[in-house]
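Right, one structure below, let's go through it.
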């Protein structure tokens, strides 16, 4: 009831936020509730993908956290991260990022579910949000390493995100150099302006404002939309100014920008004129209409075939590098080589520059346009630069590169920072002393990216003809360096959106599994592998006991369990101490199946049933357990179900025998004291360790204790051999020898 009241209140508040002459439309978007997990790697987060519509003036997220029916659940913190354009980069456990990796952490919000409440409902507002993709990532605090068994009661939490949007369907459009008359009332005045490609600046002017009281109109201009990052909007206070303007240097290309005008004077009407102007500072020269087949073959086909034919030379002149007409009369202000996009796999592609090597000069920047689609933001953008130190000409100092989204920086040889109007870029430098540069950006924004390069000279020399040759390699991969030797790159999906993340092993952590603060040493890895594998040899005594007492089927099952448990744990090891004799999934299935079937046949054997019934139960139980393991291998009831059913069979059989014989079964007190009680205690210790004591850090010795306790309990619990079965049970199994002997005795008696 509380949730529906919040929904109604939210719709009412949203409808009344912008009561002016514009036409507003509301939208509602909801995601299915998902169970939260404790954080150890990015795969533990619950990622929600929303799309904010164009001309949105307000977005409100309704965040609902519900607690399950856990026992003794205290206060619980839930962290929610927000980011526009790409999944949020987060670091809740404070691990180190890989070298040469640049990451800006996303905005986050902490929700608290008190111990006395079952839910938390929170509203989060973003005014004038950036249109396009928005991502929310929610998770519980750091994983404490406790291995929780499925089926036991625990404190579970469900997270649901719902988005309400309000957009203006008829925003006034600012035409270039055409003043638009407006009157500002209590609510802000909203406009939009289009920024074409190759724009170097955007100016928004306000003039001829009239104040009812005094000469100060109290106006302010905001250009841009909110992304919850610093610098995503440009604001200009126009108080005391009759003519005011807000300027955006290097605005994003091919984009509609929101312009907001507000006043600090309440209950007043302020008429004013507003206009916009865009300056196009630099355009590349027109490309040839003919496709440059020679350059294409030289840069793509020839390197892949390692041929050294007519197109074997990979160098290119400055004119061919820019792909321009030789007879062009337009002034040249930048070089823009052709860039080919080569798709290789899911979230894996590279950008191939025409000519491979770039001649970077000091007079003009070289700009690479990198086409980036929204589906590419789930990977890692990798930029590598390599300087040819033998190609330096003039007063060369270094080659400065600037990687920016939405628009390029075109004056790198000045003191200008590597930043555009709304985004901070990434700087790379190569010089004769440091000829290689590397940059990695996890989850890059879903914008077209631009790599600008220019030669920078020493201050004491003439910088007219300085140049250098640089090899640029730009690619997108699912993970950073495929997560290295101590990690595994996994492709994750939320609805139809794919993204990559590293799951680390052997105690390594971080986005690229490069943080080794808590990494396991080689000796500890070897100790863990030996304990988990050699502890299975404790099944040798149960095998010998079963063979001696004539339980050949049981002995075969124990041998099966020992074999596959040994090699499953040898394959399941983190780090470098790994040995897999077959597919991991097959080993895991056989290990889980053998463990449960061993317990099943042991308890059924203790019931002392007739052999046809016993073997029928063996077969039917094995088939049912196989089906259950295929459905859910880690479910607690996959073990408890067969155990409880087998115990019912055993107790029923024992009660029947006791009633029939008019005495307790088994009848001997020595059987209870020396065998059954030690076996039951060993089994209970093993189960308690397995269910309650296992963590990620102590797994290698607590699970080894489980192996030892289960094997020990089997030795004690296996019933003694039948009276008519000799030791090792051979005589009853060879050519029906016992039956032939009985027939001879009967014949002799009749005669």
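Every residue gets a Cβ built from N, Cα and C, even glycine.
Automatic prediction, not curation, is the source of TrEMBL annotations.
Annotated compositional bias 'Polar residues' per TrEMBL: 311-330, in sequence order. Among the features that TrEMBL reports, domain 'EGF-like' is placed at 502-513. The feature region 'Disordered' is assigned by TrEMBL to 311-331. According to TrEMBL, the feature signal peptide maps to 1-19. Residues or ranges marked as transmembrane segment in TrEMBL: 528-548, 555-571, 586-606, 613-631, 637-656, 668-693, 699-718.
Nonlocal intrachain contacts for the transmembrane segment (555-571), taken as residues 6+ away from its ends with a CB within less than 8 angstroms of a stretch CB, comprise 529, 532-533, 536-537, 539-540, 542-543, 546-547, 578-582, 584, 587-588, 590-591, 594-595, 597-598, 601, 703, 707, 714.
Among the stretches 586-606, 637-656, 668-693, 699-718, the one making the largest number of Cβ pairs under 8 Å with the transmembrane segment (613-631) is 586-606. Between the transmembrane segment (586-606) and the transmembrane segment (699-718) there are 3 or more Cβ pairs closer than 8 Å, counting only residues 6 or more apart in sequence, so the two stretches are in contact. With a threshold of 8 Å between CB atoms, the same-chain residues lying at least 6 positions outside the domain 'EGF-like' (502-513) that come near it are 41-43, 93, 95-98, 101, 103, 442, 479-481, 483-484, 486-490, 519-520, 525, 574-576. The helix, strand and coil residue counts that DSSP assigns across the domain 'EGF-like' (502-513) are 0 helix, 4 strand, 8 coil.
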